[in-house]
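These notes are about the structure you will find just below.
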Amino acid sequence: MGNNIKVTFNPDKIAAWWPAVGTYYTTTYPQNQSVFQPGIYQTTSLINPKNQQELDSVLINRYKQIDWNTWQGFPVDQKFSLVSRDPPPKPYINQSAQTFEIKPGPIIVPGIRDIPRGLVPPQTPTNRDQGRKPTPPTPPLRDTHPHLTMKNQTFHLQGFVDGLRDLTTTERQHNAYGDPFTTLSPAVPTVSTILSPPSTTGDPALSPEMSPSSLLGLLAGLQVVYFLWTKILTIAQNLDWWWTSLSFPGGIPECTGQNSQFQTCKHLPTSCPPTCNGFRWMYLRRFIIYLLVLLLCLIFLLVLLDWKGFIPVCPLQPTTETTVNCRQCTISAQDMYTPPYCCCLKPTAGNCTCWPIPSSWALGNYLWEWALARFSWLNLLVPLLQWLGGISLIAWFLLIWMIWFWGPALLSILPPFIPIFVLFFLIWVYI
């Protein structure tokens with residue numbers, strides 16, 4: 001845009017100055033016209049005039065294009081409050097028109113915020129203007145420390161920021177580009193007028209990934225893992241005690257450590273120190289116990305996946321089947337990754353026999369059918385398994401809890417009744 005221009009008009013003229021972009025309006029008939037308040041920031045600018053006459057002619061033509069009754073031709077679709085409708089007081093009679101001079105100012109592009117410079121007071125004419133030609137305009141200086149000016153202009157920039165916020169729209173930018181008095185210049189780096197609030201020292205703020213609820217969940221998870229680990233160690237120690245007791249029906253004796261290289265105190269075989277000969281055997285038993293626990297965990301995971309239907313296995317004896325053309329039966333269980341799955345056989349007749357894979361317990365059904373094909377007596381367990389399958393999950397948990405706590409005590413009571421239980425079971429199956 002053009003540079004800011006300071007102009008002093010003749011006493012019989014009135015000028016309204018928008019200093020942010022250098023827009024001027026004037027008239028030679030100010031008796032019934034409005035006097036606009038300076039400091040309104042617009043998005044239009046005048047090309048730097050060469051002399052006072054050129055400036056007056058351009059401003060008068062520009063002023064005549066505006067219909068002050070309907071506000072047609074005004075550069076921005078916005079009405080401003082009137083300051084006064086009375087003509088300004090007449091200045092001193094002998095005051096003559098002064099020449100204008102160009103002052104450096106910031107380059108402003110519509111839509112980009114910039115910091116306006118303060119108004120420069122008029123300079124008194126010197127002898128250089130009388131005997132010599134006007135001094136050529138000084139090139140604009142580069143503002144290398146804009147933050148120093150922002151510190152003192154914080155309160156003055158509030159109105160400027162509000163004005164630019166209303167002017168950075170698509171319609172007003174279109175009006176600015178369509179104005180014949182608009183000149184554009186390349187954009188320059190500017191300093192934002194929005195000041196960030198001062199930061200306070202203290203505890204660092206938690207990131208969104210580590211909210212207080214997630215932190216509490218992590219701590220609770222660590223406690224659960226520690227609790228389970230201690231329980232696993234306790235279970236391994238109890239199983240080790242049970243395994244050792246199988247070798248000593250009369251009770252587990254104490255290990256004195258007399259035959260070892262290093263004399264040790266009396267201790268149990270399930271808690272041998274490293275200097276005892278039974279230390280390596282104790283850890284071998286513990287290692288086997290941990291492998292068995294891991295195997296149980298894998299079996300539990302396999303059962304869970306089979307229950308969800310993630311293990312597609314073709315059944316040995318399908319319950320439902322369909323016969324289709326072999327050209328349509330080209331997808332096997334190994335080629336599909338989303339249920340429902342389908343198993344297909346391609347006989348020589350040209351037709352395919354397809355049957356669906358169960359959506360749940362496919363592997364279990366396959367293993368059960370395979371066992372029934374080799375052990376026919378397993379059919380006797382079908383009613384019992386069907387009855388157990390009808391028990392709710394809560395009943396299973398209660399049964400496991402009762403066996404866990406009362407099982408060892410019931411072992412000494414139930415052996416006499418085991419034959420009776422077997423007899424009742426056979427009667428219930430065959431009758």
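Numbering starts at 1 and runs along the chain as displayed.
Just so you know, glycine gets a Cβ as well, placed from its N, Cα and C.
Going by Swiss-Prot topology annotations, Val58 is found on the same membrane side as Gly309. Looking up Asn152, Asn351 in Swiss-Prot, the residue bearing an annotation of N-linked glycosylation site is Asn351. Between the transmembrane segment (407-429) and the stretches 215-235, 287-307, 380-400, the greatest number of Cβ pairs separated by less than 8 Å involves 380-400. Across the topological domain 'Intravirion' (401-406), DSSP classifies residues as 6 helix, 0 strand, 0 coil.
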